[in-house]
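In what follows, a single structure is set out as structure tokens and then discussed.
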Amino acid sequence: MLRTRTAGSLRPADAGQTVTLAGWVARRRDHGGVIFIDLRDASGVSQVVFRDGAVLEQAHRLRSEFCVAVTGVVEIRPEGNANADIPTGEVEVNATSLTVLGESAALPFQLDETAGEEARLKYRYLDLRREVPGNAIRLRSKVNAAARGVLAGHDFVEIETPTLTRSTPEGARDFLVPARLQPGSFYALPQSPQLFKQLLMVAGMERYYQIARCYRDEDFRADRQPEFTQLDMEMSFVDADDVMALSEEVLRAVWATIGYDLPLPLPRISYADAMRRFGSDKPDLRFGLELVECTEYFADTPFRVFQAPYVGAVVMPGGASQPRRTLDGWQEFAKQRGHKGLAYVLVGKDGELTGPVAKNLTDAERAGLTAHVGANPGDCVFFAAGTAKSARALLGATRIEVAKRLDLIDPDAWAFTWVVDWPMFESAAEATASGDVAVGSGAWTAMHHAFTAPTPESEATFDTDPGSALSNAYDIVCNGNEIGGGSLRIHRRDVQERVFAMMGISQEEAEDKFGFLLEAFTFGAPPHGGIAFGWDRIVALLAGLDSIREVIAFPKSGGGVDPLTEAPAPITAQQRKESGIDAKPGKDGA
């Protein structure tokens, strides 16, 4: 072995022992005729001192991030020199020999200083030597182990599903891989293991899980990755309560890795209530500021802006003192989200209403408004009007922004909820308008995905009354982040074909894209359901980090580029020829 102890393990009880450490030079300090280094490895840091002879002479060549092995005697630090900030702070190693295992070139950035993200990603192997990035990756491993432990205890089978499959319409663009042996044909990287895990239920596996890599070729979005990880689970012969209860066990074990005892069972809120009260299907419950319905209140208003299908409000406590420039900034906030602006009323200290909206209201509307919305003198009341979905989305975003500006969010709090009773379908036009992808060519598209089972009450009528149909779907939300989503699945061919038809997927297309699944359903498919957790997001929350890039060993930049390897990159003419990427498909090709 190149070392006998790890740097972070030394304690006063080890005094007098001869040890060999190996790691990196985190810092070097020259104190007259003595050189000190902080030697870092994965376990922590120990101070090493070079006092005399040849070993002191050798130490003069050490620089930051040299990889070294040191042998020496563990000693108690002189009085007054202890460092209470580190576990090894009471001891040091008096070096008797030094071996340089690897020299370091001049660093592109100092590891103990702030560096730009581009540099950090380009030299990610250096970035991961730092405490916070390195610990985030180690935490991820602990989280994986915690989840596996729970699932193993419930007789789950860990099964790997293919990462080279066929392209199916799942809501985002596929990454395509040319099939060299069938020129003109392509594999697709999976957006999720959805279809394969359902087939595993048909196969009688009953309890499946996988820490699965998924791929989606999406447009630039600030905190998305083209490849990401899910904890994917599926179970046969279960209802929604069974899936949610087991999911809660997994979450409790995962949050225990940071010392938090998650109280169970977790609360539940219906999709309709979440949208009505919080303007979001992933509500942040760490603070109040609920939306207030004002549609009926303004039913007879002469103010044209409020003559809309929906009018709602959210109150900003103390917001009446905002300067005009700040209030104008709220208009820009709304425009960035696709709205014309954000109406507001200021409540004076004497209760008088001012602002551009107030003058357009009737005396009766002004008289009762503060009581209706729950505002106090000194508050600002923001309004949105339009379709319920659009206006609530703006108010929900405003609610979050108000909470941030007023420092209402406890950063140490954990607020979980299940969102249940989801609509089975949404208008394809509304889905597209809000930035989602509408699968199929019909007027309606699946709210979750096409394989989500309707509730028993909606099964007979979902294709004649799609706007009222509910699905057996459930999302788990933590601190305003969707961290998992699942549902009971369709397991009958006739129901699945009706859903496809509802979405405008023709029988021919359904057979072409999903024929293997439809056929499987004819061989005694069991009722089944499952869930997929956004593993990157969960680990980021646990680590207290804002971006999922921080918890991925080698992430892509926001534009999907890897600064380290410079991927994606052009291919050679020979590779292009061999791949058959330019070949025209045969008669049976896609």
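Glycine too: its Cβ is placed from the backbone N, Cα and C atoms.
Taken from Swiss-Prot as is:
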| type | residues | note |
| --- | --- | --- |
| BINDING | Glu170, Arg216, His448, Arg489 | L-aspartate binding site |
| BINDING | Arg216, Asp217, Glu218, Gln225, Glu482, Gly534, Trp535, Asp536, Arg537 | ATP binding site |
| COMPBIAS | 575-590 | compositional bias 'Basic and acidic residues' |
| REGION | 194-197 | region 'Aspartate' |
| REGION | 559-590 | region 'Disordered' |
| SITE | His31 | site 'Important for tRNA non-discrimination' |
| SITE | Gly80 | site 'Important for tRNA non-discrimination' |
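Recorded features from Swiss-Prot, shown on the structure.
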residue : record                                       : DSSP class
His31   : site 'Important for tRNA non-discrimination' : strand
Gly80   : site 'Important for tRNA non-discrimination' : coil
Glu170  : L-aspartate binding site                     : coil
Arg216  : L-aspartate binding site                     : coil
His448  : L-aspartate binding site                     : coil
Glu482  : ATP binding site                             : strand
Arg489  : L-aspartate binding site                     : strand
Trp535  : ATP binding site                             : helix
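The Cβ of His31 has fewer other Cβ atoms within 10 Å than any other of the recorded positions His31, Arg216, His448, Arg489, Arg537. Long-range Cβ contacts of the region 'Aspartate' (194-197) within its own chain (Cβ-Cβ under 8 Å, at least 6 residues beyond either end) map to 161-162, 165, 168, 170, 208, 210, 232, 234, 449, 451, 514, 516-517, 530. In sequence order, Val143, Ile211, Phe228, Thr229, Gln230, Leu231 are the residues of the chain that are 6 or more apart from Trp535 (ATP binding site) and have a CB within less than 8 Å of its CB. DSSP labels the residues of the region 'Disordered' (559-590) in these numbers: 7 helix, 2 strand, 23 coil. In this record, ATP is bound by Arg216, Asp217, Glu218, Gln225, Glu482, Gly534, Trp535, Asp536, Arg537; the longest C-alpha to C-alpha distance in that set is 20 Å. Among the binding-site residues listed (Arg216, His448, Glu482, Arg537), Arg537 has its Cα nearest to the Cα of Gly80 (site 'Important for tRNA non-discrimination'). If you draw a 10 Å sphere around the CB of Glu482 (ATP binding site), it holds 16 other CB atoms from the protein chains shown. Neighbour counts were taken at the CB atom with a 10 A radius for the binding-site residues Glu170, Glu218; the maximum falls on Glu170. Counting in whole angstrom, His31 (site 'Important for tRNA non-discrimination') lies 46 from Arg537 (ATP binding site) by their C-alpha atoms. The CA atom of Arg489 (L-aspartate binding site) is located 20 Å away from the CA atom of Glu482 (ATP binding site). Taking the C-alpha atom of His448 (L-aspartate binding site) as reference, the shortest distance to any of the binding-site residues Glu218, Glu482, Arg537 belongs to Glu482. Separation of the C-alpha atoms of Glu170 (L-aspartate binding site) and Glu218 (ATP binding site): 12 Å, rounded to the nearest whole number.
On the 0 to 100 pLDDT scale, the model's mean across the region 'Aspartate' (194-197) is 97. For the pair Arg537 (ATP binding site) and Arg216 (L-aspartate binding site), the C-alpha distance works out to 16 angstrom.
Taking CA atoms as the reference points, Arg216 (L-aspartate binding site) and Glu482 (ATP binding site) are 18 Å apart. Cβ neighbours within 10 Å of Gly80 (site 'Important for tRNA non-discrimination'), excluding its own Cβ and spanning all shown chains: 5.
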